[in-house]
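Reading through the C-alpha cells given below for one structure.
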Amino acid sequence: MESYLNDNFGDVKAKNSSDEALQRWRSLCWLVKNPKRRFRFTANLSKRFEAEAIRRSNQEKFRVAVLVSQAALQFISGLTLSSEYTVPEEVKTAGFEICAEELASIAEGRDVKKLKIHDGVEGIANKLASSYDVGIPTSEHLLNQRKEIYGINKFNETPVRGFWVFVWEALQDMTLMILAVCAFVSLLVGITLEGWPKGAHDGLGIVASILLVVLVTAISDYKQSLQFKDLDREKKKITVQVTRDGLRQKISIYDLLPGDIVHLAIGDQVPADGLFVSGFSVLINESSLTGESEPVNVNSDNPFLLSGTKVQDGSCKMLVTTVGMRTQWGKLMETLIEGGDDETPLQVKLNGVATIIGKIGLFFSVVTFSVMMQGLISRKLHEGSYWIWSGDDMMQILESFAIAVTIVVVAVPEGLPLAVTLSLAFAMKKMMKACICGKINDVGSSKETSSIGSEIPSSASSILLQSIFTNTGGEIVKNKDEKVEILGTPTDTALLEFGLLLGGNFQSERQALNIVKVEPFNSVKKRMGVVLELPNGGFRVHSKGASEIVLAGCDKVIDSNGEIVALNETSINHLKDTIDQFASEALRTLCLAYMEIENEYSAESPIPTKGYTCIGIVGIKDPVRPGVRESVAICRAAGITVRMVTGDNINTAKAIARECGILTSKGIAIEGPEFREKSEEELLKIIPNLQVMARSLPLDKHTLVKQLRTTFEEVVAVTGDGTNDAPALHEADIGLAMGIAGTEVAKESADVIILDDNFSTIVTVAKWGRSVYINIQKFVQFQLTVNVVALIVNFSSACLTGNTPLTAVQLLWVNMIMDTLGALALATEPPNDDLMKRSPVGRKGNFISNVMWRNILGQSLYQFVIIWFLQTRGKAAFRLEGPHSDLVLNTIIFNSFVFCQVFNEISCREMEKINVFKGIIENYVFVGVLACTVLFQIIIIEFLGAFANTTPLSSEQWFVSVFLGFLGMPVAAILKMIPVD
C-alpha cells in the first residue's frame, strides 16, 4: 500500500505544487461518494487558472499603461492641460473633490495625464481632504463619510455558509442517494404487500438512518467551518503604520481609507492602491499581481503603487487612493480565495488510502451482492419457480442491493481526508554597550547614560546624535495619549532610545537639516546611508551597518578628545578587538561613521562607501527570552534540528547560538559568502552539522531550506527573516517546519507561520503538528479495523449462509460511528509531552505503520472470531429458540459489534501504550462522543426495533454483548506487547 501511495500520491509538495501534480491525484480518486465534501478543503484548480489569466491580463495592461505614460510624459511636458473632469455632487457634499472611480483609473491605469490634470500627488491629497504631514481627520463622522464615498479596504470573500448548506452538501452523497431510492421502492413494495405501517418499517428505517447520517455530518462540517473562519480571522490581523491627525499610529489594513498616509518599509505588502509621496530607493515587486519578476522603481516620476505588491527595497510614504474591490488586487483576491489553499501531502495521502479502501470495498460489495443473488436464484431454480417472482422476492433483491450499497458506504472512508481538517481546526528589555571616542561604556539606566554623555566631547556628541537621529528607519512620535513612542526595528528603537538618554532631540535634529538621499538598510549591503545638506553649504554623509563592513570604509576616527585622527594599525586593532569583544558577549555590533562632501552632490549618485570617519561602535543585546534554551533542548530530543540563520556578525551569532543551546561542540558555524561559494557536494557534507549561518542573505536561507527539504526527512526550524537586521531567536522572526515568519514577504516562504514572537512556541507548534499526525493515525487504525471486520463478516456470511447479519440500517449506524463520530473523538485528542520524545516521521515514511497493522489485524481477528462464533454458536450459547431467534441473534451480533467499536475506540487512544485512560476525562469531546454512541445504541436496540431490525435484549444478553466488546481492550493491550519493527 505504501509503495502505491508514494508512487501515485507522493509527488504533492508541502507548498507550491504544480497544477499537474494536483490534477493527477484527483484523477486517481475516481471512487468518491461525495465530491463536494471530499474535496472541500482542496484547491479549486479552475479558479486558479482564472486567477492566472487575470495576472496575464494585468501584465499586458500595465505594460501598455507604462508605454502610454511614457508617451504622455513627452507630450504634456510644458503644456497646459484642461480638465474635463466633473466632481459628482455627492462627493462635493461630503467635502471631497474627486470620486472613487477617477482615483481608481489613475492608479490602475498609471495615468500620468490624469495625475497632472489633478495637480499631481499633492493635488490628489488636497482633493481627498488630506495632507502629507497630518493625514486624515479621525472623527467618527468624517471617517464614515469617507467610507460611504470611497468604500472600505476589504475584499469580497466567500460568505460564511449556513448550516443548511452543509446539510445540502451532505445529501450529495451518491450512495445515500441510491439508498434513498431503495428506501422509496421498499416503501412502495412493503406497503403494497403488508400495508401501513408494517410494510413501511424497512423503508422508513433506511430514510431515518440517512437523515441521521446527514444531520450529524452537517453539524460536524458546520462546526469545522466556524473554527477555520476564526483561524482565518487571526491570520488576517495585519497592521500598518499611518499618519492620522498628525500622529503616527498602527491600524488594521482593513481600516485604511483613501487619503491615509501609509509608511512602508522593506518587506511590507502594499495594502491598497496609492501614490508615492516621499521615500528613497523604493523597489516594488509586482509579480503577485502581474507575474512579472523584474522589480519596478517607484519614485516621484513613477509614483504608482498597487495593492498586493511587495516592497523589495527602500522605504516610503504613500497616499492611499483606492481600496478594497476597486483595486486590481481585490478583484484577483476574490478569485484566489475561491481557488483555495493547496492540499497538504497528508491530505493527499489520506485520499489515496480512502481510494484503495474504497476499491476493496466496492469489490466486496459486488461479490456480496452476487453471492446473495446467486443464493436467491439457486433457491428459485430448486423450487422450480424461477419464472414466478413474488413481492417477497422483490423485497429480498432490494434488501440485498441496499446491503451491497451500504457496504460501499462503510468501505469508502469519506471522512478520512477530512479528519486532517478537523484535527487542524481543533488544534491551530534591551541592554546596550557603546564604544564612543575609544572608550567602552555600559548603557543601562538614564543615570548611567547621562554620565556617559558628560564624558563625550561636545563635538563628538553632536555628530553622534546627528547620526543616530537622521540615519535611521525609525521615528520618535507622540501617540494619541501624548506619550513618546519609538517606532522602528529593534535595532533602530534601541539606538533612538540611546539618543534620547544622551539628551538629544529627534525632531530638532530632523528639522535642522535637509535630507537629500537615503539608502535604507537591506540584507545585501548590510548598511544604511543618508546624505544631509548642510546649512552653510556642502553635504554630510552618515553610514551605519555591519561593523566590519562600515569600518573597512573608514580611514579616520574620532579620538577620546573629540579630535579627528587618521586610523593606524593600533587604532584599527583596538576597534576590531572591541567588535570581537562585543560579539563574544552576544551583542549585535554596528559601526557609526560619517564623511563630509564639499562639492555638489546629486541625489542620483550612489552614496560613497569609502573615506569615512568612525564615530564609534555600538553593541546591542536583546536578552534571550526565558525558556528558549529549554525549548531548543526539547526540539533536539524530538529529532528536530534547530538552525540559526541571521544577518549578524559570525561571533555575535555564535555567542547567541551557544547561549540558546543551538551551537554544539560538533556544530558548524559559517558565513553567508562562504556558504554561497560551496558546491552541491560540499553542501551535502556540511549541512548535517550546520547549525549557524551568519551574515546571510535571504537567498542563502532559501538555498539552505531547499537543500534540507530534498536531503532530510522532517522538521527544520529557521530563525531570522533575512530582512533589516535579521534578529535571532529572541526576536519576532521565527520559522518552523522549513518555514520562515516575519514580514509579509517572508511569510510567503513559510509552511507554518507562528503568529507570536516567542521561540518557545516552536515547541508548542511541533507538539500540535505531531499530535495532528498521530491523531489521524489513530483514526485510520480505528476506521480500518471497522472496515475490515464489517467487510469480512458480511462477505463471509453471504457466502456461507446466503444472508448478512448486519442490515443496511445497522451498517449506516456503524458507518456514522466510525466515520463522523470516530473522527470527532480521535482526531481531537490534545497533545501530550511524550510526543516530543518520539523520533521524526520522514516524508516518505510509512503512514500506516507496522504498529498500526499489528493493532488493526489483531483487533480485526478478535472481532471476526467473536462475530463468527455468535453466528454459528450463538443460538446454542444463548438458548434461543422459536420464530424470533434469528432476529434476537442478529440483534446480539449487531450490539456486540457496536460495543467492540466503542471499546476499540478507547484502545485506539494509544497505539503503543497500554494505559489508554490517561487524560480521558479531560477530553470532553471524546467522552461526549462515547456517551452519545452508547445512549443511541440503547435507543436503537430497545425502542427502534421496527426500523432497525432489532429487538429488545435481556439483561444477560446486554451484559454478554458489552462484555464481548470490553474483551477487545485486554486483547489490544496484549497486542501492544508484541514487538514490531
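Just so you know, glycine gets a Cβ as well, placed from its N, Cα and C.
TrEMBL does not curate its annotations; it predicts them automatically.
Annotation comment: TrEMBL describes 5-50 as domain 'Calcium-transporting P-type ATPase N-terminal autoinhibitory'.
Among the features that TrEMBL reports, domain 'Cation-transporting P-type ATPase N-terminal' is placed at 119-186. Note: the domain 'Cation-transporting P-type ATPase N-terminal' (119-186) comprises 40 helix, 3 strand, 25 coil (DSSP; helix = H, G, I, strand = E, B).
What TrEMBL records for 237-335 is domain 'P-type ATPase A'.
Across the domain 'Cation-transporting P-type ATPase C-terminal' (804-978), the model assigns an average pLDDT of 88. Look at TrEMBL and you will find 804-978 tagged as domain 'Cation-transporting P-type ATPase C-terminal'.
For 174-193 (among others), the entry in TrEMBL reads transmembrane segment.
Feature annotation from TrEMBL assigns transmembrane segment to 199-219 (among others).
The transmembrane segment annotation in TrEMBL covers 356-377 (among others). Same-chain residues lying 6 or more positions outside the transmembrane segment (356-377) and placing a CB less than 8 Å from one of its CB atoms are 1, 4-5, 31-32, 386, 393, 396-397, 400-401, 403-405, 407-408, 410-413, 784, 787, 791, 794-795, 798-799, 802-804.
Annotation comment: TrEMBL describes 397-426 (among others) as transmembrane segment.
As annotated by TrEMBL, transmembrane segment applies to 852-871 (among others).
The transmembrane segment annotation in TrEMBL covers 887-904 (among others).
According to TrEMBL, the transmembrane segment annotation covers 924-946 (among others).
The transmembrane segment feature in TrEMBL is assigned to 958-978 (among others). The list of residues near the transmembrane segment (958-978) in space but at least 6 beyond its ends in sequence, with Cβ under 8 angstroms from a Cβ of it, reads 854-855, 858-859, 862-863, 866, 878, 892, 895-896, 898-904, 906-907, 910-914, 916.
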(request) Mind tallying the domain 'P-type ATPase A' (237-335) by DSSP state, helix then strand then coil? (result) 18 helix, 48 strand, 33 coil
(request) Count, for each of 852-871, 887-904, 924-946, the Cβ pairs lying under 8 Å from the transmembrane segment (199-219), and report the range with the highest count. (result) 924-946
